[in-house]
Amino acid sequence: MLGVCYYPEHWPETMWADDAREMAELGLKYVRIGEFAWSRLESSPGVFHFDWLDRAIETLASAGLKVIMCTPTATPPKWLIDLYPDILPVDIKTGTVRGFGSRRHCDFSSENYRRESMRISEVLAKRYGQHPAICGWQTDNEIACHDTAHSGSHNAKVAFQRWCEARYGDVDTLNSAWGNVFWSMEYQTFGQIELPMLAVTETSPAHQLAYRRFSSDMVVKFHDEMVDIIRAHAPNQFVTHNFIPMHDTQTDNFALSKKLDFVSYDNYPLGRTDLFFADAPTAQFKKYMRTGHPDFSSYAFDQSRGISNRGFWVMEQQPGPVNWARHNPRPEAGMVRLWSWQAFAHGAEAVCYFRWRQVPFAQEQMHAGIKRTDNSRAAAHQEVAQVRDELKLLAPFTEHFNGDLATLPLQAKVAIVMTTENQWVTEIERQGDSFNQHQVEFSWYSALRQLGLAVDFVSPAHDLTPYQLVIAPCMPIVSPAFVERCKATSATLVFGPRSGAKTAELSAVPNLGPGLLQQLIDVKVLSTETIRPDCYAELLLNGDQTSYQSSRWREELAPGAQVAILAKDEYQQPAVVQQGKVVYVGTLSCEGFLIALFRQLATQLGLPVWQLGSDLRTMQRGELQFVFNYGATAQQFVAPANAEFIIGSSTLQPYDVAVLRLS
Ligand code: GLA
């Protein structure tokens with residue numbers, strides 16, 4: 001279940017055999033190769049060099065390793081750019097060309113880029129699609145990373161105009177959908193339509209949303225074509241893609257994953273903690289600086305599982321400091337092991353480390369590997385060896401599930417509904433600086449995890465009947481079909497602020513927020529304010545003496561006569577209301593409030609909750625229960641009476657893992 005990312009083209013061939021042998025000894029089974037190797041595979045148009053790649057695959061296979069082959073389309077070589085300069089994307093903030101010299105210098109609206117990418121993918125798929133050492137494929141690499149779904153090129157503009165024509169049919173429909181009468185923005189023909197960039201001040205929100213939908217569609221179309229090509233020549237090998245986190249994406253990940261066998265995720269808990277929690281108070285930031293927030297990796301794991309609709313892979317995991325965050329600390333000793341186990345607990349079928357050996361040259365020379373630049377073993381080496389040995393301990397307990405941990409069932413009773421589209425809506429129409437949709441969603445998720453509740457992430461198209469608690473932290477656009485799915489479930493439904501407030505074209509709904517959700521709960525949002533987090537109003541939850549905080553986003557709610565008030569603010573205004581099984585939360589709040597609210601709801605539903613404290617986390621898969629200590633001090637975990645420890649004990653040392661079997 002372990003693997004590694006390897007770049008044979010970076011190292012003398014004399015090292016390959018020793019590398020392969022050592023990888024196998026370390027318990028690594030999968031080696032991902034080739035995702036940036038276009039210039040070494042094709043040195044000029046049609047001049048291919050497969051000899052080195054053949055030998056690299058052979059060397060890895062001889063050591064018993066399985067290869068994941070990648071298409072190299074994230075790095076079009078210089079000769080290709082010189083032949084077709086329109087492959088380069090245009091920055092939508094400045095209107096300037098984003099040049100050659102790094103990676104992802106490509107425009108999804110360039111026909112030349114599309115054609116050339118499919119050509120090299122087909123050449124590779126034909127050559128390696130039946131190769132016995134190759135178990136599967138990774139398409140491209142972190143597609144649309146570095147903000148590359150969006151381009152302001154001429155090609156993008158023409159493609160956007162066609163996309164608009166296909167969506168709206170006639171230009172008057174588009175004008176009315178976008179509200180173009182406002183500020184005389186009306187168009188007479190589709191050929192006049194601009195990209196929403198470089199305007200004097202903000203462009204219409206509907207225009208921006210259309211452009212984001214278009215950009216995402218272009219990426220998905222490109223990717224789908226590549227998957228089809230690989231499948232045509234590699235019918236027995238899996239096809240996956242290494243996704244970037246939902247909070248960073250310009251692509252609809254549900255759409256992107258449709259043709260894949262499963263989703264892979266690149267896990268960089270420290271790098272991403274540094275960026276995601278940039279505004280956190282110092283003490284909180286420092287506490288998790290070398291571990292990542294206890295819920296941050298699992299947040300992405302659970303999302304990946306949700307997009308995949310089955311298990312997922314971690315295709316890259318950080319083994320030490322990275323090079324690309326604002327600051328790049330070392331992980332605490334034990335964290336590489338802990339993150340690996342946490343991935344398995346949340347549904348990973350494999351964990352691959354990025355990268356085998358730290359490279360002494362070019363952009364990522366400060367990025368750690370399992371081995372150092374001088375080929376000595378870095379700290380992560382021994383932690384990976386520990387995971388290898390511990391995985392063997394679980395084998396006897398997974399026998400009736402094919403002997404495979406990945407097949408252990410993972411059934412959550414709580415679901416969070418997520419869409420990329422609603423994230424775009426809140427980015428386009430921010431309204432308050434401190435409204436960050438993903439921080440909202442993360443804080444709701446974290447509150448659930450602190451109660452020990454397992455969480456599935458689902459799309460609005462997903463059946464909601466398997467769940468007891470369904471939560472939509474922020475869902476401005478809801479469809480009539482989603483409302484029907486809500487009616488069909490007996491789950492308690494909790495909607496966060498802004499839910500239902502917008503039409504599909506990002507206008508205000510005609511009946512005030514929460515719009516269509518008024519079919520489920522009789523409440524109206526009369527007005528909205530955004531305020532600084534430190535200027536909060538007190539928030540009081542029924543049956544609870546604690547004073548919590550209402551801040552950042554606050555709605556003026558007008559509940560109907562049948563609606564109960566669960567929480568009020570210090571001005572006696574309703575903040576959280578409930579009708580039957582539907583709860584509407586009209587404010588952003590603090591962590592303590594969310595934990596208290598979810599504890600009340602879970603208890604009413606008979607869902608078991610844990611008293612975990614801030615650093616312990618637990619997750620159950622089948623008969624196995626996993627426990628993680630993210631804290632710097634030892635923690636006691638009170639195991640159920642029927643449990644037997646397979647790994648660790650009820651005292652978890654700092655950054656430690658325990659696995660129990662429940663009989
Ligand atoms: C990403 C990429 C890799 C590499 C790592 C470094 O996730 O997919 O190619 O750049 O980051 O952390």
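Residue numbering: from 1, along the chain as shown.
Heads up, the Cβ atoms here are built off N, Cα and C, so glycines get one too.
Here's what TrEMBL has on this protein:
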- GLU142: active site, proton donor (ACT_SITE)
- GLU316: active site, nucleophile (ACT_SITE)
- ARG103, ASN141, TRP324: substrate binding site (BINDING)
- 5-392: domain 'Glycoside hydrolase family 42 N-terminal' (DOMAIN)
- 412-607: domain 'Beta-galactosidase trimerisation' (DOMAIN)
- 617-662: domain 'Beta-galactosidase C-terminal' (DOMAIN)
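The recorded positions examined here are ARG103, ASN141, GLU142, GLU316, TRP324; by Cβ neighbour count within 10 Å, the least packed of them is TRP324. Cβ proximity to the substrate site centre (mean Cβ of ARG103, ASN141, TRP324, cutoff 8 Å) flags the following additional same-chain residues: ALA74, SER102, ARG104, GLU142, CYS145, HIS146. The distance from the Cα of TRP324 (substrate binding site) to the Cα of GLU316 (active site, nucleophile) comes to 15 Å. Residues ASN141, GLU142, GLU316, taken from the recorded positions ARG103, ASN141, GLU142, GLU316, are distinguished by a CB atom under 6 angstroms from ligand 1. Taking the Cα atom of each, GLU316 (active site, nucleophile) and ARG103 (substrate binding site) are about 18 angstrom apart.
Broken down with DSSP, the domain 'Beta-galactosidase C-terminal' (617-662) shows 0 helix, 26 strand, 20 coil. Taken residue by residue with DSSP, TRP324 (substrate binding site) is part of neither helix nor strand, so it is coil. Cα spacing between the residue listed as 'active site, proton donor' and ARG103 (substrate binding site): 11 Å, rounded to the nearest whole number. When averaged over the domain 'Beta-galactosidase trimerisation' (412-607), pLDDT in the model lands at 97.
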